[in-house]
Amino acid sequence: MFDITRKCVEWGDRSLTIESGKIARQAGGAVVVDYGGTSVLATVVSQKSKEAVDFLPLTVQFLAKSYAVGKIPGGFFKREGKPSDRETLISRIIDRSIRPLFPSGFSDEVAVVCNLLSYDASSPPETVALIGASAALAISGIPFHCPVAGARIGYIRGEGRYILNPSADELSVSALDMFYARTDTSILMVESEAHELTEAEMLGALQFGHEHCEEIIKVIGEFAEEARKCAPAEFVPCDLSTIIDSIGSDYKERFLVAYSEKEKKARVAKLDAVRASLTEDLRVKFLSESEGGSKYIAQDIVYAMKTFERSLVRERVLESKSRIDGRAYDQIRNIEIEVDLISKAHGSALFTRGDTQALVITALGTPQDEQIVDGFDGDKRERFLLHYNFPPYAVGEASALRPPGRREIGHGKLAWRAIHPVLPSKADFPYTIRVVSEITESDGSSSMATVCGASLALMDTGVPLKSSVAGIAMGLIKEGDRYAILSDILGDEDYLGDMDFKVAGTREGITALQMDMKVKGIDFAVLGTALDQAKEGRFFIIEKMDRVIKESRGAVREHVPRMESMLIDKGKIKNVIGAGGKNVREICEKTGAKIEISQDGTVMIYAVGREAIESAKDMITGIVSEPEVGKIYSGEVCELAKYGAFVTFLGARKGLVHISEIRNEHINAVADVLAVGDKVKVLVIDMDKDHIQLSMRRIDQETGDQVDCELYAPQRRNGVAAGNTVGDSSVNGGGAGSVYVPRGDYGGASAGRNGRGGGKRDGAAKSSSSAGNGGGRSSSSTRRRHSAGSSGYSSDSSSGNTKSSSSESSGGTGGRGRNGANGDVQNGPAAPKKPRFF
């Protein structure tokens, strides 16, 4: 049933397997490539274009489903959505590697889909996907020049050792992350990030990748010979020489005059006029109805014009030794730089190079603003974000704005790679950094203008970069043995040239390199020359930038979020957070600060102003502090009981305000004066390991100040007064029977409605009085309560006299019986007054 073709080879320290004939047999070409546990299904389908076009309608899509790593997608729908940035970047790598290998003039629709089936962190998926796409094209029968292979390259600087297809762990210590693609004869594509490597080290990486890709190209060729069911279709482009030769010398002169315009807007206007005129002439000449009809179609006219125009301009550059706009090969366009031009931005820069302009703006945020990336290679948090925007008005077009496309994502990532190696560590600069590049004008090299503008804006923000970073786009025009390497290319030079070579870096070395080749036969000697010329241009641009701002500002601006850290006991983390995050939310709402708590007890506080940070610190300090007797705290009533109210304070602390400590007057029920959720001020009056006793009546609830709170005079109800004073803080005598006297810290007699009560404080009271129908009995130095009657009064001893060492006067005696008379009163010696409050 299956006609399977399989090829296996050892590549590096892993096994590479290419297989076809089992899966996706309806596709024009389909292969499964496995390398070290990473597997990709690559398919290719081609069909005739529905309408005549003058370009190659090639689409490349790399898809990474979560099943490749044994996961279920997050979110409500549990299904993959739009491609991630990582998938988009891998799709671009494949596209840029295979697009130059289709024959010129080929306009059939081609769709390449690479589906990640399995992922292992030891093997990069882009390597496997490109090999799969190349093999699928090789067996599809679609016109395709030759196989292509790619590899990821790492570099251990201290050892001077290059790594083939490094694992994720190896990349974490590598000074280089490069993807290199080639054919059997030439370099095709390079994408890399480096930690300030020299030109020689980068060239060595290119040569290393070139050598190791060669064996895979041979394997793909052998596999295609075995698996191919039919020979590749031969594409014969239309012979356009007749059309090209018919273009007169007057049009040649008009094109050269138009291209000599230095300003892009004027140049484009003149070129459009010449092209429109020539197109009309050629249509009349070659597409008019005649006997037998024309052998040409409209797109042939377009191809012929492009070929003529490209050949004319390239020859002029090589012959005259000057550029389209009159510059020398290594000359940089005029540069204008301005920083700090947007008042409310955290940092800004306007970088203008010729007719290319980037307005770059920065914003700093807290670690809570970090981007959470949920990818097939694991979840991570990204603290540096760089977004590149290319609106239509940048090139004078009137069209609708659309979400960022592949080009914008790719250019933004290139600029990100250029800046990332010079950023400070999170420990040195814990902010989340976002850079936005708005391309306001474009005439080539807008991604490198973004690099320069981003470096300037970050320094203007106060981000301590290691050094300035500049970028430059290089071009190449090659005809036979003649070639010209162009610095700081225009958009037209990019379109008409053979190479787009972008280099970014510092004075110390290269941080990013991107290269796309359109022709074969570029050797490493030419690349070495291009790297050296790019270095000179990079230094020239950095010098211009340093004249405006050479070092990062000493401090961030006032309206940038401030941040401070404090360390709390790990056991107190729950107190700061509170039930369901209540406490930390309240702190954020009241102060306007943002708070982040780590498991080790580190608390990061972020706020725009110093006052907000200090307020948040004070609130956190209050929560984690141990309560102290005699101190006042803010709290909230959390529970009501018959005997009092429970109040939470200092975060999760809970204490009891006894009913007698709520107010200075009698209350019938706690619910009459308090409700759950009330904000109150409390004084800690006593505490032990498990219980905290609080008082409200001793605090002015409006001001939060402690007040001079004396015991109030109790009212006598159906009873008989029992002397002048009771306890050390009383003024009037305590009552018996139904008299209500607060009990607690103040000692003395304390009676309920049935006449119960007697107490002491710190051993000061020598006896405890009791009320009852019978006579009293002695209770020396104890804190016992005796039986209570309805209204009679009994003294401590039969003599009817009572003494208290801590009172101003002592109570007397009462007769036996329900309506006994007052006993005699004997005043005791006055005792020194103790402090009433903490």
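Indices start at 1 and increase along the chain as displayed.
A Cβ is built for glycine as well, from the same backbone N, Cα and C atoms used for every other residue.
As written in Swiss-Prot, here are the features:
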type: BINDING; residues: Asp494, Asp500; note: Mg(2+) binding site
type: COMPBIAS; residues: 747-757; note: compositional bias 'Gly residues'
type: COMPBIAS; residues: 788-810; note: compositional bias 'Low complexity'
type: COMPBIAS; residues: 811-820; note: compositional bias 'Gly residues'
type: DOMAIN; residues: 561-620; note: domain 'KH'
type: DOMAIN; residues: 630-697; note: domain 'S1 motif'
type: REGION; residues: 747-838; note: region 'Disordered'
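Residue density at Asp494 (Mg(2+) binding site): 17 other Cβ atoms are found within 10 A of its Cβ, drawing on all protein chains shown. Mean pLDDT of the predicted structure over the domain 'S1 motif' (630-697): 90. Using a 10 Å Cβ-Cβ cutoff, Asp500 (Mg(2+) binding site) registers 21 neighbours.
Under DSSP, Asp500 (Mg(2+) binding site) is assigned to a strand (E or B) in the three-state scheme. Look at Asp494 (Mg(2+) binding site): DSSP puts it in a helix. Across the domain 'KH' (561-620), DSSP assigns 32 helix, 16 strand, 12 coil. Each residue of the domain 'S1 motif' (630-697) gets a DSSP state, and the totals for helix, strand and coil are 6 helix, 35 strand, 27 coil.
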